[in-house]
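Asker: Copied straight from Swiss-Prot:
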- Gln167, Lys341, Arg370, Ser371, Lys392: (2R)-2-phosphoglycerate binding site (BINDING)
- Glu209: active site, proton donor (ACT_SITE)
- Asp246, Glu289, Asp316: Mg(2+) binding site (BINDING)
- Lys341: active site, proton acceptor (ACT_SITE)
Amino acid sequence: MAKIINVIGREIMDSRGNPTVEAEVHLEGGFIGMAAAPSGASTGSREALELRDGDKSRYLGKGVLTAVANVNGPIRAALIGKDATAQAELDQIMIDLDGTENKDKLGANAILAVSLAAAKAAAAFKGMPLYAHIAELNGTPGQYAMPVPMMNILNGGEHADNNVDIQEFMVQPVGAKNFREALRMGAEIFHTLKKVLHGKGLSTSVGDEGGFAPNLSSNADALAVIKEAVELAGYKLGTDVTLALDCAASEFYKDGKYDLSGEGKVFDSNGFSDFLKSLTEQYPIVSIEDGLDESDWDGWAYQTKIMGDKIQLVGDDLFVTNTKILTRGIENGIANSILIKFNQIGSLTETLAAIRMAKAAGYTAVISHRSGETEDATIADLAVGTAAGQIKTGSLCRSDRVAKYNQLLRIEEQLGEKAPYRGLKEIKGQA
């Protein structure tokens, strides 16, 4: 038995200079797992609660000492003596201890950090890599895939201080033979984009996720400069590289309208879906995330009707990694993919349940970071261990993003042909 003998919580810093929760789980025999909770900027209203202290005299109210005290107090007391390999049982103990729908008593940041640390400790106890342990927890032992990266090379919206409304413009190196080659392609495009922007006299400062954040006159202009960079880097857009958007539309949804203030345009629900469809006809955009507000379910039905057969429509704020909400989406034919952020739901077990449910319904699952990250690279192991096939973890810049890519390189080196890189076949509507 992988007996838990200690649980330790502490306050550490995330990539935006805000505190977050880190946890350690110690087992008999000297096995230790350590993990940190990420934090989002554009968040869905139904996400599990990230517990902050609210004490304006510390970290402008963003401290997490209460959540840390919950780790070191009630969570520790409840888990001492338990078996770390029994992940579902551990997570249920913490969920029951919290007793709320959205984990607002103990904090999803406290529960998640411990949940992931326990998984890492259990993997160490079993003498196997984390991705292999996750595959076993998922009921899919030995089934792996290297994910196609969605590389966020140009930022707008809540992730940048500029006049671009769409939050993320991403490249996907679908023509690569393996993950290592995909990473190289993305890096070359990233550096070429910097030259293109510099040549136009535009800013090459970066946003929260490492993408550039220049002032451009329209969202179409953002796509045009990316196209230029891809081609200048020696790649063919639509064959070697495809494009993906994260609209984060809830951020510019006001009074039932979609207000693209950067462009000076206002759309109704169907009009904004038509606008996005027109972009997919001009550029090889194969994936659109949060193309409408999380509450605009009628609009989502229309968007899925006009684009769902050819374009991957990803629900992030829409589904918030929640199986109850995903069930409603599946039953109503809303979207065809789910973004997986484990801090939206607050435990590894619930995260795996959402991935399994999505796959069973023919939806894809895209594993994702948050804009506030740490050096913790658990999502790399999660992507491979569930064979999710796609990952969003930012640009080729900032060590909090690159840490995940580097972990994926290590995993691919270990697994070789046991973890295929399937490129475009992983993306809904493109197989």
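Even glycines carry a Cβ here, placed using N, Cα and C.
Give me the lay of the land around each of these features.
Answerer: Neighbour list (Lys341 ((2R)-2-phosphoglycerate binding site), Cβ cut-off 8 Å, at least 6 residues apart, same chain): Pro38, Gly40, Asp316, Val320, Thr321, Ser368, His369, Arg370.
Here the Cβ of Glu209 (active site, proton donor) has 31 other Cβ atoms within 10 Å, regardless of which shown protein chain they belong to.
All protein chains shown were included, and the count of other CB atoms within 10 Å of the CB of Glu289 (Mg(2+) binding site) stands at 28. According to its DSSP assignment, Glu289 (Mg(2+) binding site) is in a strand.
Annotation note: Lys341 ((2R)-2-phosphoglycerate binding site) sits in a coil segment as assigned by DSSP.
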Asker: Have a look at the recorded positions Gln167, Glu209, Ser371, Lys392 and say which one has the shortest Cα distance to Asp246 (Mg(2+) binding site).
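Answerer: Its closest listed neighbour, by Cα, is Gln167.
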Asker: Do you see any of the binding-site residues Gln167, Glu289, Ser371 whose C-alpha is within 10 Å of Glu209 (active site, proton donor), and which ones?
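Answerer: Of Gln167, Glu289, Ser371, within range: Ser371.
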Asker: In whole Å, note down how far the CA of Glu289 (Mg(2+) binding site) lies from the CA of Ser371 ((2R)-2-phosphoglycerate binding site).
Answerer: 15
Asker: Note down the number of other Cβ atoms within 10 Å of the Cβ of Asp316 (Mg(2+) binding site), including every protein chain shown.
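Answerer: The Cβ of Asp316 (Mg(2+) binding site) has 28 Cβ neighbours within 10 Å.
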